[in-house]
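Notes follow once the structure below has been shown.
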Amino acid sequence: HVLKCCQKVLAWVPVAFIALVVAWSYYAYVVELCLYSLNSYLYFIAVVYLVVFHLSFFMFVWSYWKTIFTSPASPSNEFSLSKADKEQYEKEERPESQQEILRRAAKDLPIYTTTASRAIRYCDRCQLIKPDRCHHCSACDICVLKMDHHCPWVNNCVGFSNYKFFLLFLMYSLLYCLFVAATVLQYFIKFWTNELPDTHAKFHVLFLFFVAAMFFISILSLFSYHCWLVGKNRSTIETFRAPTFRNGPDKNGFSLGCSKNLREVFGDEKKYWLLPIFTSLGDGCNFPTRLVIMDPEQLTVSSQNEPAKSSGANQSFPARPLSESQNRLLASDCQWVESGPEEENVKTG
């Protein structure tokens with residue numbers, strides 16, 4: 001118990017470090033640069049700097065706060081085994097028998113993916129069938145919907161509930177560091193060449209430029225990488241381990257095209273894209289997928305199952321309708337048409 005408490009306290013150290021750096025940067029820029037160094041002879045420029053700085057600072061802090069304190073979304077109760085199935089699962093010792101129980105429980109769930117060995121994705125720790133793109137986080141000790149990674153700098157899991165906030169946090173961090181570095185540069189040079197009085201503000205201005213430039217370079221690569229992930233509709237986990245569908249691993253299995261992939265994260269209304277408020281489409285438990293090519297075994301078994309809906313030749317859907325927000329992702333292409341029956345064993349995870 002003591003060890004767990006210490007781990008929880010230590011987990012906040014990176015967040016506290018970032019908070020201290022941000023607080024110092026605010027003091028160095030507002031007080032030492034704008035109010036102390038510039039106010040005496042460049043009053044108008046100082047006012048413009050302060051307005052733009054506070055705007056970028058507010059958006060940065062708001063998105064960072066939302067990323068930290070938005071709880072990771074977990075699977076709904078429908079993915080948990082019933083009491084009878086759970087008791088039977090725990091009594092069974094053979095993996096084949098356990099898998100049969102899981103297949104029976106998962107047949108009505110909107111699931112497409114399996115493990116690499118074609119087994120149902122089941123979390124023994126949380127005792128539930130994992131939805132597509134859901135993974136167990138050992139740090140948070142819960143299953144997280146559309147888990148991307150556990151980030152120590154926010155002491156939280158980045159997943160379905162806060163991925164948009166995380167992206168905005170990276171973007172506003174970049175803008176904040178870029179603005180600070182760009183506006184401080186000329187005064188950094190003047191202090192360095194002794195064109196300005198050698199006061200205690202010199203240290204703050206010099207160090208502020210180095211810190212802003214360093215963070216900008218480091219965050220730029222991370223932000224660029226996640227922009228690429230959004231365009232491909234992949235998570236960090238899926239980049240290193242492609243999700244396995246009925247016809248095998250497919251790293252592009254959830255990609256619907258760059259535009260629709262972007263809307264899946266940021267929502268349909270562009271006016272909210274730059275605000276750290278939740279607008280992502282869907283419920284995090286099921287996602288539109290590309291067409292899973294049916295093999296002869298699927299066609300044989302499919303005659304016993306409920307027909308599924310499909311759109312064109314590029315996306316495939318669970319037999320149970322997706323939420324309205326997810327359906328809108330494909331509304332611009334064509335209307336849903338009736339297709340042949342689809343095997344429910346595809347929907348295992």
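Don't overthink the numbers, they just go from 1 along the chain as shown.
Backbone N, Cα and C atoms are what each Cβ position is placed from, and that goes for glycine too.
Where the annotation comes from TrEMBL, it is an automatic prediction and has not been curated.
Looking at the domain 'Palmitoyltransferase DHHC' (120-240) alone, the prediction's average pLDDT is 93. Sequence annotations record features per position, and here TrEMBL assigns domain 'Palmitoyltransferase DHHC' to 120-240.
Among the features that TrEMBL reports, region 'Disordered' is placed at 303-327.
The feature transmembrane segment is assigned by TrEMBL to 9-29 (among others).
Residues or ranges marked as transmembrane segment by TrEMBL: 41-65 (among others).
The transmembrane segment annotation in TrEMBL covers 165-189 (among others).
For the transmembrane segment (201-225), the list of distant contacts is 21, 25, 27-29, 32-33, 36-37, 167, 170-171, 173-174, 177-178, 180-181, 184-185, 187-188, 191-192: same-chain residues at least six beyond its ends, Cβ to Cβ under 8 Å. As annotated by TrEMBL, transmembrane segment applies to 201-225 (among others).
Residue counts of the domain 'Palmitoyltransferase DHHC' (120-240) by helix, strand and coil are 67 helix, 16 strand, 38 coil (DSSP-based).
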